[in-house]
Amino acid sequence: MEISGRPYRSASGAPLALRRRQHSASCRELALRRPRLQLRSLSAVTSAVWLAAYGIFVLSENSMVLSAAIFITLIGLIIYLHFVKIDQESLLVIGSLGIQVTSSYASGKESTTFIEMSRVKDVVINEAIHMQKVIYYLCILLKDPQDPQGVSEVVPLFQSSQPRLDCLMEVYKSCQEILDQRKEAPQSSEMK
Amino acid sequence: MVLKVFFPSCCSSAESGILIGRWISEQNSAVVLAVVHFPFIPVQVKQYLSELQRVTKVSVSVLGSWNNSKQEKEESLSEFLEDLGTIFSHEPWIQISKEGDSKFWSCSTLQKRSNNHREEEIIIVYYDQRKVMLSCLHPPLDTGASTAHEAEDASRLSAIFDTVAKSKILFMTDKYDDGPIKLTHWQSDGVEASIIVELMKQASVPACMLLTFLLSLISGACKSRMLKFWPLSFLWSKLSTCEQLSHRLQHLQVISSNKKAQNQTQLMRKANIFVSLLIDVALGILLMSWLYRKNRIGHLADTLIPVADHVAEELQDLLQWLMGAPAGLKMNRALDQVLGRFFLYHIHLWISYIHLMSPFIEMILWYVGLSACLGLTVALCILSDIVALLTFHIYCFYVYGARLYCLKIYGLSSLWRLFRGKKWNVLRQRVDSCSYDLDQLFIGTLLFTILLFLLPTTALYYLVFTLLRLLVVIVQGLIHLLVDLVDSLPLYSIILRLCRSYRLAAGVKFRVLEQQDGKPLRLLMQINPLSYGSVVQTYRLPTYSCYPKDSWTSLCKKLFLGELIYPWKHKGEKQD
């Protein structure tokens with residue numbers, strides 16, 4: 001079952017699309033898609049760099065400057081697409097298995113982290129003071145092996161998309177529905 | 001709770017039969033290891049499983065039935081499979097059936113003991129058996145050190161990886177064996193083996209024995225009393241080449257030991273050391289061939305003496321400049337001349353020494369260059385030692401300048417205290433007031449004034465020679481950094497991560513496959529490889545690395561006070 005993207009905004013105002021898919025009763029996928037790389041900005045940066053290089057070439061009469069500029073532009077673009085530009089961030093919650101966080105980059109690379117359900121304490125929305133504004137972010141609290149009530153680590157989610165509170169609440173509600181199921185299950189098995 | 005079935009993807013097209021594997025009741029999951037086909041005798045299957053359990057220490061049992069019907073559903077077969085549940089009592093009895101070539105299987109469980117028949121949700125997770133068997137999860141759990149409590153807390157993933165890895169012997173029987181049991185697993189089409197690996201295993205035993213024998217001879221010779229006399233032992237401790245050679249000797253001893261590696265970490269360590277040695281020697285031989293071709297080493301030896309001469313001349317010019325009015329500063333004439341002449345005499349001695357050695361330099365260098373075949377690291381260490389020897393006079397000047405400056409600073413601080421009427425109490429380690437006699441005060445103030453006005457001259461000499469010394473230290477430090485890099489880089493692990501990334505697993509990742517309503521959830525479990533940074537960090541080889549022993553503030557303090565600095569400290573050296 002799929003619910004197609006509704007328009008939300010990120011903390012900086014960029015448009016985001018949230019997509020929810022329910023694969024089964026205990027498995028949900030939530031994906032946030034960011035705006036793609038615009039041809040406009042790409043050509044603007046490339047022309048600026050090449051104009052500057054041409055200016056230096058005219059001043060210094062050294063043709064190496066031009067080839068160096070082309071080289072730098074290519075390498076810079078590859079590095080940007082492969083390491084910096086995140087296209088989509090998704091959260092896959094499988095009740096009784098765990099939570100998987102994936103970031104897909106513009107070059108197709110996907111970096112995934114899977115956290116087992118036994119390590120997850122809870123999923124909460126936290127506030128943070130960043131420079132002059134207060135931002136909300138969703139995070140997973142991990143259990144501390146020594147202290148059953150304590151939290152050993154906080155894993156923030158959707159760090160590059162930074163959606164606003166309305167989007168975060170949707171995601172939070174979806175996650176909590178699945179996490180509630182695991183709290184019910186041990187109780188019912190005790191009642192047997 | 002949700003029931004999870006981990007099904008190997010190689011058994012998807014297997015014929016009907018029963019499923020064997022491990023049931024993990026705490027996590028309500030079943031790890032299927034193989035499918036046993038008809039016909040079989042239940043007693044023999046039970047015997048086989050108990051035998052397997054004894055050997056692998058994994059509680060393998062019959063989990064359920066697998067029905068792969070190519071045509072329409074055969075009712076009799078499915079009833080027969082249900083009846084099998086009574087023979088092989090397992091709670092719960094899992095029944096998986098696949099129709100034709102459909103991707104969507106139906107899975108149900110039979111619970112006999114429980115009274116309430118809840119509709120449990122079932123998740124089928126496909127996994128690649130070969131990759132999971134060969135892979136190693138990081139961070140690794142020490143099986144020897146874990147207590148029972150920790151074993152309970154062990155993550156489900158490591159339990160699954162463990163189960164498949166320990167059942168290696170189950171995968172050794174293939175379909176061509178004439179046994180009573182016919183299995184399907186990842187190796188059932190034929191056991192894989194490599195001739196090259198087998199040959200190398202056979203050849204490695206005598207090679208290791210030979211190497212151990214040679215190494216024992218060499219280490220015996222090194223430990224002999226002759227080499228332990230005072231001047232020689234001091235020399236060995238100062239030369240970095242000897243340290244590097246002993247480090248490599250240790251590595252060779254690790255590789256050539258007869259004991260098999262106990263666990264993954266030891267195996268990787270041995271492999272890393274082996275590859276590192278191989279690459280080192282290969283690069284060293286390459287360097288050697290480059291040096292000896294076109295007699296480059298002769299050219300190097302020819303330029304060495306002129307370079308040393310040039311350095312000495314530059315130093316002489318520097319001293320002449322200091323003896324004049326350097327940078328417009330006015331120096332104390334007499335002290336200036338004394339210090340300048342003292343250092344000039346030293347340089348004169350040094351130049352004559354170098355000229356004495358000059359006819360032998362080429363031959364010495366030629367033979368020393370041969371030792372580059374022991375490895376690139378040894379060649380770099382020799383280079384660092386040559387640099388240290390050639391700049392020995394700079395080191396001497398630095399020591400003279402520093403001692404003089406240090407003496408002056410201490411004298412000044414003590415006399416300053418006297419000037420104010422205080423004294424350093426050695427017993428209490430603090431400054432106390434003290435009443436001096438008049439003549440003590442008079443002489444003290446006189447000396448203080450003299451030292452104060454001579455301070456700029458000494459300070460300038462000290463500054464110049466300290467800068468030169470720091471330059472040499474930085475060059476040596478860079479060379480040692482390079483040696484450290486070659487020594488400690490785990491090349492085998494990096495190449496493994498590049499080519500067989502499933503062997504080093506940081507975790508797993510799940511992909512949701514196509515779903516159909518009413519059928520269980522289908523997931524694909526893939527291995528998430530370790531990042532290159534964590535590979536290097538986990539498998540770094542320990543070295544006798546040199547690292548700066550002082551922080552920036554303490555270094556500056558030492559420089560200001562004139563204490564001698566030895567910025568690079570080797571691990572294992574005693575603190576002074």
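Every residue gets a Cβ built from N, Cα and C, even glycine.
According to TrEMBL, the protein carries these features:
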- B:203-222: transmembrane segment (TRANSMEM)
- B:273-292: transmembrane segment (TRANSMEM)
- B:338-357: transmembrane segment (TRANSMEM)
- B:364-391: transmembrane segment (TRANSMEM)
- B:397-419: transmembrane segment (TRANSMEM)
- B:440-464: transmembrane segment (TRANSMEM)
- B:470-495: transmembrane segment (TRANSMEM)
> With pairs closer than 6 in sequence left out, are the transmembrane segment (B:273-292) and the transmembrane segment (B:364-391) joined by 3 or more CB pairs under 8 Å?
Replying inline: yes
>> Using Cβ distances below 8 Å and needing 3 or more such pairs, separated by at least 6 in sequence, tell me whether the transmembrane segment (B:470-495) contacts the transmembrane segment (B:397-419).
In response: no
>> Using a Cβ cut-off under 8 Å, which residues of the same chain at least 6 positions beyond either end of the transmembrane segment (B:440-464) come close to it?
In response: 318, 322, 326, 329, 331-332, 335-336, 339, 401-402, 404-405, 408, 411-412, 415-416, 418-419, 562
> In the same chain, who gets a Cβ under 8 Å from the transmembrane segment (B:203-222) while lying at least 6 residues past its ends?
Replying inline: 246, 249, 252-253, 255-258
